[in-house]
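Copied from TrEMBL, the annotated features are:
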type: TRANSMEM; residues: C:6-27; note: transmembrane segment
type: TRANSMEM; residues: C:34-54; note: transmembrane segment
type: TRANSMEM; residues: C:60-83; note: transmembrane segment
type: TRANSMEM; residues: C:95-115; note: transmembrane segment
type: TRANSMEM; residues: C:135-161; note: transmembrane segment
type: TRANSMEM; residues: C:190-212; note: transmembrane segment
type: TRANSMEM; residues: C:224-253; note: transmembrane segment
type: TRANSMEM; residues: C:260-280; note: transmembrane segment
Amino acid sequence: MLEVRNLQVSYGAIEAVRDVSLSARSGHITALIGANGAGKSSLMRAISGVTPATSGQILVNGRDITRLKPHERARVGVAHAMEGRRILHQHTVEENLVTAWHFRKPPGSFKQALEKVYSNFPVLAERRRAKAGTLSGGQQQMLILSMATQHEPPVVLLDEPSLGLAPIIVTQIFEYIKAYSAEGNRVVLLSEQMATLALKVADYGYVLKHGQVVFDGDRKQLNDGVADLSSAYLGTTG
Amino acid sequence: MKSMLNKLQGVISNAYVLIVLMLAMAVAAPFSDAGTVQMWCFAAINVLLAQSVNLLTGIAGQISLGHAGFFAIGAYTSAIAMTNWGVPLPLAVAFSSLMGTAVGYLLSIPAGRVREFYLAMMSLAFGLIVYELLREWRGVTGGVMGMRGIPSAQIGTLELFGIELGTVEYFWGLLFAVLVVMWMLRNFVKSHFGRAFYAVHVSELSAGSLGISQGATKRFAYALSGCIAGLAGGFYAFLVGYLTPESFTMMRSVEILVMTIVGGLGSLVGPVLGAVLFTYLPQKLQAFNDYQYIVYGLVLLLTFTLLPKGLAGLFNVHTRFSKRDQLKLTTDANAALTMRTPAFDPLLRVEDVVMEFSGLRALAGVSLELRRGSVMALVGPNGSGKSTLVNVISGIYAPTHGKIYFQGRNISGLPSHVIAQAGVSRTFQDPRNVPAFTVRENVLMGANRLYRHNALSAAVNAKWAKVEESRELARVEALLGAAGLSDSGDKVIGDLPYGTQRLAEVARALASDPELLLLDEPAAGLSEAEAEQLVGLIRLAQRHGVAVIVIDHHMDFLAGLVDEVVVFEAGEEIYRGDMDGMRTDPAVIEAYLGAEETENA
Amino acid sequence: MDFFIQMLASGLSVGAVYALVGLGLNLTFWTTRVLNFGQGAVLMVGAMVTAVLIASGTHVIFAVAVALLTAAFILILIEALAVRPLAKATGSMGWIVSTLGAGILLQGLASWRFGTQAVAFPDVLFSSADTVQFLGAYISVQYIAVFVISVLIVVLMELFLRRSTWGYAVRAVAHDNEFAALLGIPVRRVVLASFMVSGLLAGVAGILVSQVSGTVDPGFGMHLLILAFVATVVGGMGSAFGSLVGGLLLGVLEKLVGGYWSPAAAEIVAFILLVGVLTIRPQGLFGKPEAVKV
């Protein structure tokens, strides 16, 4: 269970996240939905600690992680795949996976984790010696996803994983995320600009606008409220 | 303590006090002992050197760790001119500054291509090359033995038109030169040239969007800086009468830099204080001489952390970058913008523009037309190509394919400052103001392309220069009024709230009296009231026939404002029409929310 | 021919040291995007401490160890005083000036403590009289030792960076420190370690270069810094292998021009090379151009 309480994030004079509270349940996928600049990425960055929150609290399974440094949060099990397909371009696929494993100090064997990654995404096994920068967009996203999940962290934050990918790859990736969350009773927080796409996989969703939660509900409630969603993006008619 | 500082500030920043002080020194010189007057001479030379570094590093932002090179070139040039060719004193000194100018200009060509630490390293290397040349080019410079027997004021061998010049007479001449240089520098820095220097310093990207050529500006800064340092060198040669390469080592460059940084980069008064301080300390304190490197090292190591604005910052002395305090302004609030007559032909025509970044297609064949006085909105999800289009139109990127016609002229691929000069003005997603400037100075910077007077007119405050500066200041006043910023005109923009900075940036874009205004997310982070002001500014532009393209995500903000909205997705236009049509358009809804049918997939 | 081979040998050994210095510069540049303008003075301190300790009767190994630890400690201080406080400020002017200041301060302290005169550097590796014959030319064993040690260190560092997990971590921090932290890499510790190792490298390089030149004085660092920077720029800022090639090229060029023409001309050639490479190919011979994003 991931809980965020009254979180505030500012960049200088700009308030990116204003007093957001949410909870994401284990075994479920929770979506953050909203237009550009609604505060989705800032919220995630505050949860993983890349941007320190100005005020508020973040709890993972009841433990307060607000004061931890980002690499310490990574070690207690918060994995964050940032927007813009961030990856170690000059490292090979396997070096990326080793680096993502080793410093989080997870229990278990890397060898087994690696085998699992390669059986989930065989194309990564084929390209294990290739520099990550030379992979296609879809392959990079698979690698990023594997780097975020191979050590089986309890909380995974995925910032717009579908951006710029072909529909078939998006489907494959979402299938993987669904299975990951369900299989180990883990928290997945997913941000999406494409609301219907997010609602395809998410069990619950929060709609953000101008850094605030304007609407939240389960899949059905969100689907019923698509008109409201539309106005969150496109403004009120008339 | 505080009130003492304030009093000191009043005294230091007052130009008359400085002049009176200098006159007093001039009068006192004949009654002082030779050693004192000589020290004053060194101080005067150091003031010139510090101003030279300040102009290049403090104002134009080009770091120099090799300024002793210019100084040496000036000194040897005048020494050689007089001893070998018999050139009289004033000509020899003029020759020095000319040589400094030429070398500065030449150095600016490679230096203009690099920045940051590459530039620092290159300037360091320049200083060392000059030093090595002085040592090795024995036939001209006398090698490590140096040049002896140069006519010198100190030993009474210097003469001008047959009259012998002593240290006192020499000091008078030097003082006069310093006064003239300082006066011209002050006028220059407060002109659109000074503002252009600062613009390049803070953001080359933003300078280009103001119609300022960064290449030309840097070359000019190097040439001028070389000119002043060369002049200082020329005076130095006839003061000491003896030149060796050891006077022009890297430590001399460091010394000049220390003076400028301690005095305060970017201020005109600061370097004077720094130069005087570091001329006196070594003379008066024997201990200082013993630990000179240690002191300089500590100063450089700590100044930026402890006293980033130097002594000038400590005394709260700020150099202002407009001639507002020198001019009598017409209170008549002239029209801020020229009224343009509507025309049938489109002002802007974008034809099938494609933009690729290493294989990635950001724009896949975009075409659009825009008339005078119309407002067009560009919207679309993240990465759909809106900002790229604005960057292509304003010349930050050259399109991979396609043409852009502005007023019938093909501008695709022209450098950004040329496009800005033609009347295309823009703002950026993150405000790119000069943080140390006041709101007024920032807005005035926008008017840069409208100035016609040359650097010399600016430096001597010719009538032409004053007329133009008054005219633009009056326009800026009107724009500040329109933006609701009249009360913040004299406040330093870096200290103001984000919304104010954004509004000032839009006002700055309008100060160029543009034909076409491009606004990239101008409403992001604005309060309701500020957004109202922004709408007012855009309407003002529209009324005067300016064509406006605005990117924004706030649909409610755009709704009442735009004539036409174009929606992009993945670098392609998917909708064009009015706002209401957009809200119900299936393609647009799909682009934002995802396809409906995927629900069953 | 003999002369040519001798010049070549001394060029290669000096060039390898440039590469070593360049590697030290690069290491901290990768992790913090800061180029240490005080690195030259750290070389000097390493050599100076060694020379003075040996002259006072300390055992060579102990003297070298103290010198290297001093150099590493100085780099940690530079990080704390000159780099970290200014890393957040916009632009590079702050840290250029502060690291340069650190170097000048070290130079000042060395002059105050040891005097400004050049100090003879003792034989740490073999004796300056030892030579081997190669193609009829006598080559100093010291040159060979310096060359071998420098190349070995550069190669080992390259192997460490390419093959070990901590090497991956250094490269990850260099590429994207935010992302690195999300992978659980203790970025702060990696940065400190990079400064410490950079100090060790500078200490070794200082001792090696003084072994070749025979003397050390408080002012000798600045030229070395520039030459190592030239080597790094020629090879490309991002690559240890590039620095090695750049260093060797520069060293050989310098010694040949110096031998056949004049030593001052050699320096001027190096500076012209710097200006030329920066003007024509700023990313160096082996570097990739950095993409400029608005």
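Quick reminder: no glycine exception, Cβ is built from N, Cα and C everywhere.
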Considering only Cβ pairs within less than 8 angstroms, which of the stretches C:60-83, C:95-115, C:135-161, C:190-212 has the most against the transmembrane segment (C:6-27)?
C:135-161
How about long-range neighbours of the transmembrane segment (C:34-54): same chain, 6 or more residues beyond its ends, C-beta under 8 Å?
21, 24-25, 28, 60, 62-64, 66-68, 70-71, 74-75, 78, 82-83, 87, 95-96, 99-107, 110, 114, 119-122, 124, 198-199, 202-207, 209-210, 216-226, 228-229
Counting Cβ pairs closer than 8 Å, which of C:135-161, C:190-212, C:224-253, C:260-280 has the most of them with the transmembrane segment (C:60-83)?
C:190-212
How about long-range neighbours of the transmembrane segment (C:135-161): same chain, 6 or more residues beyond its ends, C-beta under 8 Å?
1-3, 5-6, 9-10, 12-14, 16-17, 19-20, 23, 27, 123, 125-128, 167, 170-171, 201, 204-205, 208-209, 211-212, 240-241, 243-244
